[in-house]
2 protein chains.
Amino acid sequence: MWKITDSFDKDQITNFGNKYLLANGYMGYRGTMEEYGKEELVANTILGLYDQVGTSWREPVNAPNGLFIKMSFENEELSLRTKKPLKHQQELNIYEGLHRRETSFSVEGGQVTLSIERFLSMASVHLMAARGELISSVPITLTLQVGIDGNVWDINGPHLIGTQLCELDETSLLFEAQTNEEKKKLSVGQTITVDGKSRYIKTEKQGFHEYLITLEPNVPFSFDTFSATYNENDGENPTEQVVSLLNATKKEGYLSLKKAHRNIWANLWKKSDIEILGDEEAQIALRYSIYHLLSIAPRHSDRQSIPARGLSGQTYKGAVFWDTEMFMVPFFQRTDPQIARNLLMYRVHTLDGARKKAKSYGFDGAFYAWESQEYGQDATSDYNVTDVFTNRPMRTYFRDKQIHITGDIAYAMWNYYEYTNDVSFLLDGAAEVIFESAKFYVSYSYFKESKNRYELLDVIGPDEYHERVANNAYTNKLAQVTISIALKVWSFLEAHYPNELSVLLQKTKLEEQKNLLERFQQLIYVPAPDESTGLIEQFDGYYQLEDTSVATVKSRLLNPQEYWGGAYGIASDTQILKQADVLLLLNLFSSSYDKEVIKRNWAYYEPRTEHGSSLSPCIYAMAACKFDNQEWAYPYFMKTATVDLTGETKQFAGTIYIGGTHPAANGGAWMAAILGFAGLKVTDGQLEVDPKLPSHWEKMKFQTIYQNEYYTIEITQGGQKIWKN
Amino acid sequence: MWKITDSFDKDQITNFGNKYLLANGYMGYRGTMEEYGKEELVANTILGLYDQVGTSWREPVNAPNGLFIKMSFENEELSLRTKKPLKHQQELNIYEGLHRRETSFSVEGGQVTLSIERFLSMASVHLMAARGELISSVPITLTLQVGIDGNVWDINGPHLIGTQLCELDETSLLFEAQTNEEKKKLSVGQTITVDGKSRYIKTEKQGFHEYLITLEPNVPFSFDTFSATYNENDGENPTEQVVSLLNATKKEGYLSLKKAHRNIWANLWKKSDIEILGDEEAQIALRYSIYHLLSIAPRHSDRQSIPARGLSGQTYKGAVFWDTEMFMVPFFQRTDPQIARNLLMYRVHTLDGARKKAKSYGFDGAFYAWESQEYGQDATSDYNVTDVFTNRPMRTYFRDKQIHITGDIAYAMWNYYEYTNDVSFLLDGAAEVIFESAKFYVSYSYFKESKNRYELLDVIGPDEYHERVANNAYTNKLAQVTISIALKVWSFLEAHYPNELSVLLQKTKLEEQKNLLERFQQLIYVPAPDESTGLIEQFDGYYQLEDTSVATVKSRLLNPQEYWGGAYGIASDTQILKQADVLLLLNLFSSSYDKEVIKRNWAYYEPRTEHGSSLSPCIYAMAACKFDNQEWAYPYFMKTATVDLTGETKQFAGTIYIGGTHPAANGGAWMAAILGFAGLKVTDGQLEVDPKLPSHWEKMKFQTIYQNEYYTIEITQGGQKIWKN
């Protein structure tokens with residue numbers, strides 16, 4: 001499938017930057033034109049390389065644009081920045097990870113067309129490659145500039161200092177710089193394969209080779225350009241690595257590199273594709289969602305995870321949220337478990353950060369960062385929102401009160417282990433994370449003697465509009481589950497790895513604490529469905545809040561940009577929630593609750609949900625499937641699956657751009673399809689499906705992996721087939 | 001002493017309404033002119049009669065003005081409302097509870113002077129009386145109107161409905177109405193003693209007799225008017241009571257009534273006066289403070305207490321705050337214990353309200369109202385402040401989190417009992433209140449297992465700018481003290497009143513709970529002075545807040561009216577406090593702390609205190625005396641003692657008038673003088689003083705009562721004398 005746009009719309013530049021994103025897990029290159037600069041948010045965002053300038057938000061570093069290409073004619077730029085094109089096409093091949101643009105400009109009574117194909121190599125993740133072609137209807141001599149442009153998007157930069165630009169040889173350039181905070185080296189090299197003589201031109205942040213290209217009518221002229229990017233996280237001498245990769249690249253050539261890249265993409269799709277018959281729109285949206293997940297998965301390292309906005313830029317501080325464990329890992333776990341393992345190992349490697357955070361708040365164990373950066377430090381500001389009325393920073397509690405993050409991680413780890421039977425993962429650190437997570441909840445909790453129960457006070461649940469609540473059902477359940485998991489791990493290690501257990505218990509100081517964990521597991525208060533209504537109260541006192549509608553609350557806005565939550569937000573004193581909360585609990589642990597309970601809670605909470613987060617609709621979609629109502633589920637599935645296709649999400653908070661891609665929603669779309677409509681599950685060690693196809697879907701077909709074996713699953717309205725490959 | 005103003009200043013009308021207030025415990029008549037109306041905030045505020053209209057704030061009812069007097073000449077009002085006077089004097093005799101005005105107007109080439117003396121009878125608290133005199137320098141015929149005016153101040157009214165106005169006889173009028181909410185009857189009668197024929201005139205809310213008075217030059221003409229006020233709280237038929245009182249009044253006559261009134265006042269001063277030599281300013285301020293306390297004390301009933309703004313109007317909802325127990329009871333307990341008993345018995349009578357409030361929040365025992373009205377119900381709104389930027393109500397937590405109120409009451413009750421040895425008070429309900437208070441704290445608390453202690457979470461301490469904090473030192477200490485008191489009461493009753501104890505334990509379901517109380521007393525966390533700095537942290541995490549100055553914080557105001565506290569107030573994330581908090585604790589329990597500790601905390605917290613409450617400076621004054629620094633104390637004493645004399649307090653919150661008198665500050669001034677400078681205390685059952693007179697004070701002399709015996713105390717710079725009367 002090629003995603004095609006047939007015209008040029010200036011207002012869509014930012015949106016298309018996300019929509020046509022290329023990525024390969026190491027870096028993400030926005031869907032901008034090769035001649036664009038920082039105003040158009042050109043960015044090659046590097047996974048795991050962060051920087052802070054002064055007290056501004058710490059965020060990922062965007063490398064300079066190593067695929068800079070610009071043409072002009074007699075000092076007039078032939079560029080979408082400055083000139084209206086005769087024709088313009090932009091295309092994304094989601095099956096092969098290829099981006100293509102073709103733009104024609106009128107010139108000298110004729111027209112010149114520039115076509116460029118580019119990709120971020122999946123075979124060699126430090127490499128970007130592009131092949132350009134020029135063709136003119138009239139004889140003409142054009143100027144072509146190809147090189148490296150440091151004028152890229154930077155929200156809280158400049159992050160690169162000490163920039164050095166030089167010519168390596170007649171066709172190759174080198175850009176070297178350091179990050180501002182940690183002085184980490186970053187090198188970008190570029191080389192071009194072209195016939196002709198060039199001139200080297202250098203400005204402060206830009207270096208390129210300039211060619212005079214004389215075109216005969218309708219005779220195409222083509223050239224290839226390659227760019228290599230390394231930073232100090234990849235080795236001590238990024239420049240050496242850049243030079244070495246460029247040399248190898250030149251020898252290999254564009255077509256060969258592209259072939260290796262396409263092979264990997266083909267293999268990825270083989271493992272991950274979902275075929276839907278009877279719903280072209282859903283088919284496109286779902287595949288587009290899967291494309292994004294495949295693009296941004298870090299295959300090269302288990303020390304990085306996927307940020308909330310993927311590799312589409314610097315928004316959300318490039319930080320890793322619970323999005324990864326709760327909304328993306330389920331996809332990878334069932335299609336490419338090594339990726340899931342990489343993502344979860346990132347949490348093992350950042351356990352010390354979580355321990356430090358817990359300690360800083362006076363708790364034991366692991367309190368994971370709400371917005372995690374490379375060392376597990378929490379990038380969340382205590383003032384994450386600006387008051388639109390006073391322009392003052394507002395004290396927010398995402399960092400210190402959203403304690404469910406630790407349980408999300410422990411849950412995802414155990415789930416991965418159970419699903420894959422990957423014992424090495426437990427021994428490589430997951431068991432330790434789980435033990436530290438259990439300790440955290442015990443130390444956070446208080447005991448209420450009159451009720452003979454542990455409680456978790458002063459938290460924020462998934463519904464962030466209600467701050468500092470007590471006994472959020474989801475959070476308390478996750479805490480209980482975390483302790484249960486810890487006890488299961490304890491028993492498992494005791495039986496099979498007693499030495500490892502003993503070391504671990506000593507390290508985590510849990511030797512004498514089994515009773516305490518068992519007591520907590522038994523006595524932690526988990527709000528249960530009310531006997532008569534079947535409803536679970538989201539947190540203590542939720543029902544006492546004003547019971548109103550999303551529309552009514554919205555009508556109270558005085559400023560369209562104002563924050564709905566916090567102490568005085570329009571939603572705060574009402575039952576209106578930002579996103580699935582009780583339903584998240586019911587969906588995750590659906591086997592512990594009656595279908596009728598799930599349905600009643602769905603019917604109660606959905607009309608009260610603003611879906612102010614892209615994480616919300618997929619939960620309602622999945623949950624509706626749990627009580628066999630795929631018709632209720634379908635619109636929420638579609639809303640999730642089309643998030644990045646339409647780009648119709650909140651793009652600005654005040655004056656700050658917060659857009660980008662939504663990998664959690666992409667994962668949510670996959671979950672709604674596979675865990676919802678197909679009903680994929682494991683019962684007594686057997687993979688099975690419990691399908692609830694939307695009535696207009698004729699067929700669903702997909703692959704999945706369970707305990708190291710690949711299965712193909714085909715579901716029709718009348719039946720189902722599962723076979724091992 | 002006569003408080004005299006010699007000129008007329010329109011801008012001072014509201015301030016003088018407070019400053020020249022007359023009251024007798026049953027009602028309070030603002031210091032307005034007899035011809036004034038609602039625009040000038042005329043009010044006769046009735047203690048304990050409340051009303052609510054719609055969803056507006058519930059507040060006390062102002063009775064119609066039964067002392068309405070207006071004169072005119074040829075249809076021109078001779079009134080301060082409309083005409084500039086030639087001369088005007090307003091006087092308050094604080095020793096006799098007499099108000100006097102004398103106003104001269106130019107008229108027909110001469111001048112007419114109206115003088116009126118009035119009082120609210122201490123001998124007969126339903127009675128107001130006035131004697132008027134007219135004198136003219138030229139022959140003239142004036143119109144004099146005397147009667148009842150229903151056009152009085154009403155913040156959230158109209159509270160009176162079904163108004164009936166009629167003539168009882170040629171000189172007497174009757175006003176009858178009902179409150180809006182509870183249909184309680186209110187009757188006001190008025191009668192005049194005057195020579196001459198009258199005409200009865202009635203408008204919608206006003207009824208009066210009109211006389212034509214012909215004056216010979218310099219020959220005074222005088223008249224007396226009396227007004228009686230009863231409401232259904234005083235008996236089933238207020239009108240009968242009014243008529244009966246008016247008849248008796250007429251027989252007795254003005255001078256006889258005044259004599260009875262003056263006798264009572266003389267006796268009150270005998271018990272309460274403080275003589276200061278060497279500081280006239282302090283002498284005046286202190287006596288003026290005592291005047292207010294004496295005026296508003298409810299002698300007629302033990303079912304009412306003193307509202308935070310006394311009887312000066314409807315502000316603060318006429319509600320009773322902790323002000324009474326913590327800032328006024330100490331004065332009455334040591335000068336007129338029966339009044340202290342009445343005030344505390346109000347809490348006994350409203351125990352059910354406190355039990356209901358506790359239950360509504362899911363707690364046991366007694367959670368007293370933060371703003372208590374007649375049945376002990378809490379008048380505090382969940383939205384007590386309006387956001388000046390959005391005009392939206394702001395969720396405030398005074399009602400649900402300011403739990404120290406219960407401990408304040410229990411502490412005051414025990415303190416009263418210990419001081420007076422009034423066992424009947426314990427048996428009449430105080431013991432039950434104390435038991436229920438102890439239960440409340442136990443049920444509110446959580447146990448922190450890892451620290452082996454009980455904690456009180458999510459509270460507001462006296463410093464209201466910091467909401468929802470954990471382990472406020474003052475609150476936790478009060479909780480501990482409350483439990484200790486309960487255990488002492490338990491032991492006392494066990495020894496002396498075992499039957500009464502048994503009934504009480506059964507009623508309060510405490511039979512088997514002694515161990516629990518002892519455990520709580522022992523394990524409740526009370527933040528202690530740091531070993532190296534001597535400082536007590538106000539609440540968990542206080543030191544982590546921005547450490548800045550009051551001036552810096554103030555400079556951040558965007559709007560002079562904006563609220564400093566709440567979630568995002570300018571003080572909220574800083575160490576700036578509204579009022580004494582840790583110092584309140586140290587002052588109250590000064591014998592448990594080293595002088596050096598008190599001093600260090602004073603030096604730390606005072607510069608961080610905004611003194612945004614009139615309850616604050618007196619605490620710093622007393623506390624400074626505890627470490628022998630009367631020079632630090634003195635300015636805070638003076639600030640407290642002059643609050644109502646200068647009227648320089650916050651008068652408006654947004655557009656709402658919140659002014660009035662400040663009885664807690666009046667009590668605070670007395671405390672600073674007697675418990676601070678004189679150092680009055682009891683050691684081993686012996687009354688003694690530990691004087692720290694300011695260096696320019698030559699002598700202090702006062703009376704006090706302890707365990708039913710009156711003492712006179714005289715302190716000079718060199719010595720002290722105490723003798724029983």
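Backbone N, Cα and C atoms are what each Cβ position is placed from, and that goes for glycine too.
Per TrEMBL, domain 'Glycoside hydrolase family 65 N-terminal' is recorded for A:5-229.
Here TrEMBL flags A:287-670 as domain 'Glycoside hydrolase family 65 central catalytic'.
For A:Trp322, A:Asp323, A:Lys578, A:Gln579, the entry in TrEMBL reads substrate binding site. Within the same chain, residues at least six positions away from A:Asp323 (substrate binding site) with a Cβ under 8 Å of its Cβ are A:Ile306, A:Ala308, A:Leu615, A:Pro663, A:Ala664, A:Gly667.
As annotated by TrEMBL, active site, proton donor applies to A:Glu464. In the three-state DSSP reading, A:Glu464 (active site, proton donor) counts as coil. Sequence-distant neighbours of A:Glu464 (active site, proton donor): residues of the same chain at least 6 apart with a C-beta under 8 Å from its C-beta are A:Phe398, A:Gln402, A:Gly565, A:Lys578, A:Gln579, A:Ser613.
Sequence annotations record features per position, and here TrEMBL assigns domain 'Glycoside hydrolase family 65 C-terminal' to A:680-723. Residues 270-279, 282, 334-337, 419-421, 625, 628-631, 633-634, 673-674 of the same chain lie 6+ residues outside the domain 'Glycoside hydrolase family 65 C-terminal' (A:680-723) yet bring a C-beta within less than 8 angstroms of a C-beta in it.
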Taking the Cβ of A:Trp322 (substrate binding site) as reference, which residues of that chain separated by at least 6 in sequence fall under 8 Å from it? A:Trp370, A:His404, A:Ile405, A:Asp408, A:Ile409
Local Cβ density at A:Gln579 (substrate binding site) - other Cβ atoms counted within 10 Å: 22
Run through the Cβ atoms and count how many others sit within 10 Å of the one on A:Lys578 (substrate binding site). 22
Across the domain 'Glycoside hydrolase family 65 central catalytic' (A:287-670), what does the pLDDT come to on average, as a whole number? 96
Around the substrate site recorded as A:Trp322, A:Asp323, A:Lys578, A:Gln579, what other same-chain residues have a C-beta within 8 angstroms of the site's C-beta center? A:Phe321, A:Pro462, A:Glu464, A:Ser613, A:Leu615, A:Ser616, A:Ala664
